């Protein structure tokens, strides 16, 4: 061991850590055909039950949004941030959510095993460290959402009891210092009890909790219809006149949109429970679309009624929809809305708590969190340990933290997760098809076994580069493919309909490749670099706009405007470079339209909304991320399933090399048996080419990437971070 460590260079040691952070989970292992979808939990004899229909997924998504979003967030944003402009805030937040939602829908069918949602997606495409970071922040958002739902329900019961519950708690238990504005709060034992009760319901089983969720959604729907019809008799247009529609200006509308974004997390929950869906390829896209449209309709209609019934400054922040009828003396309306509020907030609480243990389950299955959390109950078919742990943490938060403080902490992790999903769509769309050969979706008529099918080699031979090692993609493709090939993802056909005869002229000027062109490792890395630069530049752009242009004055504002213009031009240039690269030819049941423009718009919208959140929210976010980094650095990176597999393969490789007289030295890259070269896919941005071609030349100066029997690209494709080079 000491001798082996002595042979390691500083560059190799750095690359080993780099490879650990950016190693990706093979997409073939996530598809239905690779192994049983109901993967067994550690220490159990049963996996997650596949019982959810499309209606169940829509019910989960709508219920998780409409409860807190309609009964709490609408009134809070209208009173403190946007006034009647909350209507525009919801519309803007919905547009940003739709952009991310179509990316989620594509990933839902591309990676059907979606127990971890954005965590799983980023693990497949971006890398392990980013995946842990996203999963850790999804846990934060669900944790806060669950605690906020329990606290809101407690406040609702307290309002119905004329605040006798809160008065009793303050008298006998005292008060606590608030975490946000400094307001005092009391230990909310009722919220603690509610959170624990819902945890028990979730732990009893998917079928039971979803059935309960559907019943509450029906009640919520009936009450929503009642509010719209009854509210029409109490409207006053004066509440929108004389500048009252936008009392806080557009800045307040955008700040409200950042808070309202949390009210559209339904499609995230749909994707999270995809492993338990009967037919995720069909159910996930339909459920995401239906949830977003239903939630937007509910929010806009309720916001219109609320702000026309009550002046924005008189809205009750704790129970706005109940009190809007009480203001007009319609007490029966208040009690009917109270029933709907209890049902809506309960189903929202279920929607927040339902996916949280499943994200924890997915992360613990991969070894990034403690593996005991992946235990699945034989009786209930649920990750019971993760349910108990997550529910207990949410109950403690609900006990100690006020509702207002919780609402302020909601959106940032969700926005970041959605941004990373959009980044992942861009990365996968432009990576070589070898990344997904093992789980192409085929029809029953094909009659072929994916595992036994031979990989076509025509494109492989056409990808062999010139003497300088450069690859050419423009001559690739399959016989019979043209510009309007069925393999195209839809961008060309849409542009063709819009531009008509100018389409081909624009295509030539921009350098858009033909539909028959296929990506190579070189073009895939180009898109990766451009996407990462786009992601970083978008944050820099909006930081300059918000803190320099909007809040600046004089010469500083002018200079910030010029810098923002330059950065906007850089974003356009990056998009042009991306569309000049060929897309993957893989066909999916659903594909996000207008790539790369839709994912790019989602990145821009989400990054802007993130920067509109308060500095206190960013401070809390930083503390939570620091705790997560400690867990990952001390446990996850060393107990990851990929790490354990690499160690096992390294042991086999060490034994193998003792019989290989042609190898003079042991390299940290050479830790896999040579037969694995043909099985490992292209590794994207963590590929060995990213090392600066360290291993492309041997000691005699000969290039190894394309040497051998003429099948140079096939050899290059099998070369991974841990693979042997093939010997002649």
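Backbone N, Cα and C define each Cβ position, glycine as well.
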Range among 128-151, 152-175, 248-271 that TrEMBL annotates as transmembrane segment:
248-271
When TrEMBL marks a stretch as transmembrane segment, which of 283-312, 433-462 is it?
283-312
Out of 9-26, 27-44, 189-206, which range is noted as transmembrane segment by TrEMBL?
189-206
Suppose I define contact as three or more CB-CB distances under 8 A, residues 6 or more apart in sequence; do the transmembrane segment (218-236) and the transmembrane segment (376-403) meet it?
no
For the domain 'Cationic amino acid transporter C-terminal' (590-640), what are the DSSP-based totals of helix, strand and coil residues?
40 helix, 0 strand, 11 coil
Answer with yes or no whether the transmembrane segment (409-428) touches the transmembrane segment (248-271) by the criterion of at least three Cβ pairs under 8 A, sequence separation 6 or more.
yes
